[in-house]
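Visitor: Sharing the features that TrEMBL gives for it:
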{"type": "ACT_SITE", "residues": "B:HIS37", "note": "active site, proton donor"}
{"type": "BINDING", "residues": "B:30-37, B:147-150, B:VAL176, B:184-187", "note": "ATP binding site"}
{"type": "BINDING", "residues": "B:GLN61", "note": "beta-alanine binding site"}
{"type": "BINDING", "residues": "B:GLN61, B:GLN153", "note": "(R)-pantoate binding site"}
2 protein chains.
Amino acid sequence: MKVVKTIDEVKQAVREWREEGLTIGAVPTMGYLHEGHLSLIDRSVKENDRTVVSVFVNPIQFGPSEDLESYPRDIERDSALCRGHGADIVFNPEPGEMYKDGFSTFVDMSVLTEELCGLSRPTHFRGVCTVVTKLFNIITPDRAYFGEKDAQQLAVIKHMVRDLNMNVTVVGCPIVREADGLAKSSRNTYLSGDERSAALILSRTLALGRKMIEAGERDVRKITDAMKKNIETEKLARIDYVKIVDIETMQQVETIDRPVLCAMAVYIGKTRLIDNFSFTEGE
Amino acid sequence: MKVVKTIDEVKQAVREWREEGLTIGAVPTMGYLHEGHLSLIDRSVKENDRTVVSVFVNPIQFGPSEDLESYPRDIERDSALCRGHGADIVFNPEPGEMYKDGFSTFVDMSVLTEELCGLSRPTHFRGVCTVVTKLFNIITPDRAYFGEKDAQQLAVIKHMVRDLNMNVTVVGCPIVREADGLAKSSRNTYLSGDERSAALILSRTLALGRKMIEAGERDVRKITDAMKKNIETEKLARIDYVKIVDIETMQQVETIDRPVLCAMAVYIGKTRLIDNFSFTEGE
């Protein structure tokens, strides 16, 4: 396995693999890998001849007051994990390699990016779409793997691939959780002991919402009100959003009469965590 | 040669060509082909094993009060010309094939699109970048051919390819002119007899500007003032812009101390025509 810093090195390797007729999987990450990422790598290694893991804390998907500087980084540990899981290349560029002087082209999307995280983080998905487009052009993967924890991101990327006719299959993979239910996230490392306990309010509140839906409740207001009330019982928690949206369009619904995503973003202290589940009648 | 209407048909042909190890050239056009387009097709046929000409009047690059409806179309004539010049596929999709329900992803650029045509046509280059990205993903060309008449478009597409790491070489081809100097354009068909004569003011004014520069004038204001005054002698002409810009950034310069583009857009009656030349010291 190689750790490479330049786009040319990746393109060169890809060219050689293509000449041999090999298939390629891509796992775009911001590094500080956890079991969620590793499940993506495992799946890619299983389904493709070669796997490229990108480890890049993408500056343009962070807002001005967000955690770009403090986002955890450990390329040595990440590389060892990638090697252990059978990746072929770790692509770990510097920001200046991805965004050269005069960089001024962006991929953006309306509709799907207007709710949920797009509302709290107005330039976030522009940054995501742009970097993922670049990574797809650099790696030219047959398949690319993304976690369902970032459900809106997954929907946005699938929609971008459809709209722009990109030649890649986007594969969503299930959320990986700690034993007590907390969704794995690189940002969990920000949490103090008390905050780590308080963070359980996310998965527990989702369980409450799911239980209401499974018991037959279809009124979105009633469900999200109950969920918000539950989160408010936790002193260290502050709600960013708790919403139920159409799983295709990411637009809010009033009644659960189609496949939906129930998603939340909650601050635990200064750390913003997200979690979600999807619900389709009869599934 | 085949004329195809669907993206899937193009992708299928491209897959087969790739399996045979063939190279592919793309010539994106809005149809109503003239000798300018044909020079692009000729060059592509010469430099690649297979050539795809797209004929698509792209609605999203027209502004609300522009000539989308009246833009000339003649796919029978275009197909015959493409066949005669050795193209392998003419891709002629309906707007609904390119922009399916729910289409909401756009490629946009700052800086290079802020002057010249981007100033007069604020969403034009977003439309161009988006459709060209789609065509590149559909055709996956090794090389793509664009005319230098649309000099800003050519610069924008080259910059987009660089910024987004697209796997294509963008080739610019010289302006093709009528015997009397008028740059070939599908929009020339809009001109009445009087307007056709009046349209010569563009190339004649460019010749005037070039002469001043070649005689040593470096003050942009003096050159463009003289050019504007010259255009104003033509009663049927109305200036949109006459500017001299840095050829890399498309930003206005005050002095010609680097490679520049001298570009103009002029209405002749209701028809907006563009023309340009570039100047590099010592070339």
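Every residue, even glycine, has its Cβ placed from backbone N, Cα and C.
What's the neighbourhood like for each of these?
Guide: Remark: B:HIS37 (active site, proton donor) has B:VAL27, B:THR29, B:VAL53, B:LEU81, B:GLY147 as non-local neighbours, by Cβ distance under 8 Å and separation of at least 6 in sequence.
Long-range Cβ proximity for B:VAL176 (ATP binding site), meaning a same-chain Cβ under 8 A and a gap of 6 or more residues, is found for B:HIS34, B:GLU35, B:GLY36, B:SER39, B:GLY147, B:ALA183, B:LYS184. In the three-state DSSP scheme, B:VAL176 (ATP binding site) falls into the coil class.
Residue environment of B:GLN61 (beta-alanine binding site) contains 21 other Cβ atoms, counted within 10 Å of its Cβ in all protein chains. DSSP classifies B:GLN61 (beta-alanine binding site) as helix under the three-state reduction.
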Visitor: Select one residue from B:GLN153, B:SER186: among these binding-site residues, choose the one with the most other Cβ atoms within 10 Å of its Cβ.
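Guide: Sorting the candidates by Cβ neighbours within 10 Å, the top entry is B:GLN153.
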Visitor: Nearest to B:GLN153 ((R)-pantoate binding site) in three-dimensional space, by Cα, is which of the binding-site residues B:MET30, B:LEU33, B:GLN61, B:SER186?
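Guide: Sorting the binding-site residues by distance from B:GLN153 ((R)-pantoate binding site), the top entry is B:GLN61.
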Visitor: Using C-alpha atoms only, work out the spacing between B:LEU33 (ATP binding site) and B:GLN61 (beta-alanine binding site) and round it to an integer in Å.
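Guide: Roughly 18 Å, rounded to the nearest whole number.
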Visitor: Looking at the binding-site residues B:MET30, B:LEU33, which one has the fewest other Cβ atoms within 10 Å of its own Cβ?
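Guide: Selected from the binding-site residues B:MET30, B:LEU33 on minimum Cβ neighbours within 10 Å: B:MET30.
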Visitor: How many Å separate the Cα atoms of B:MET30 (ATP binding site) and B:GLN61 (beta-alanine binding site)?
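Guide: Taking the Cα atoms only, B:MET30 (ATP binding site) lies 11 Å from B:GLN61 (beta-alanine binding site).
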Visitor: Between B:GLN61 (beta-alanine binding site) and B:GLU148 (ATP binding site), how far is it from one CA atom to the other, in Å?
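Guide: B:GLU148 (ATP binding site) has its Cα 18 Å from the Cα of B:GLN61 (beta-alanine binding site).
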Visitor: Measuring CB to CB from B:GLU148 (ATP binding site), give everything in the same chain under 8 Å that is also at least six residues away in sequence.
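Guide: Sequence-distant Cβ neighbours: B:LEU154, B:GLY172, B:CYS173, B:PRO174, B:ILE175, B:ASN276, B:SER278.
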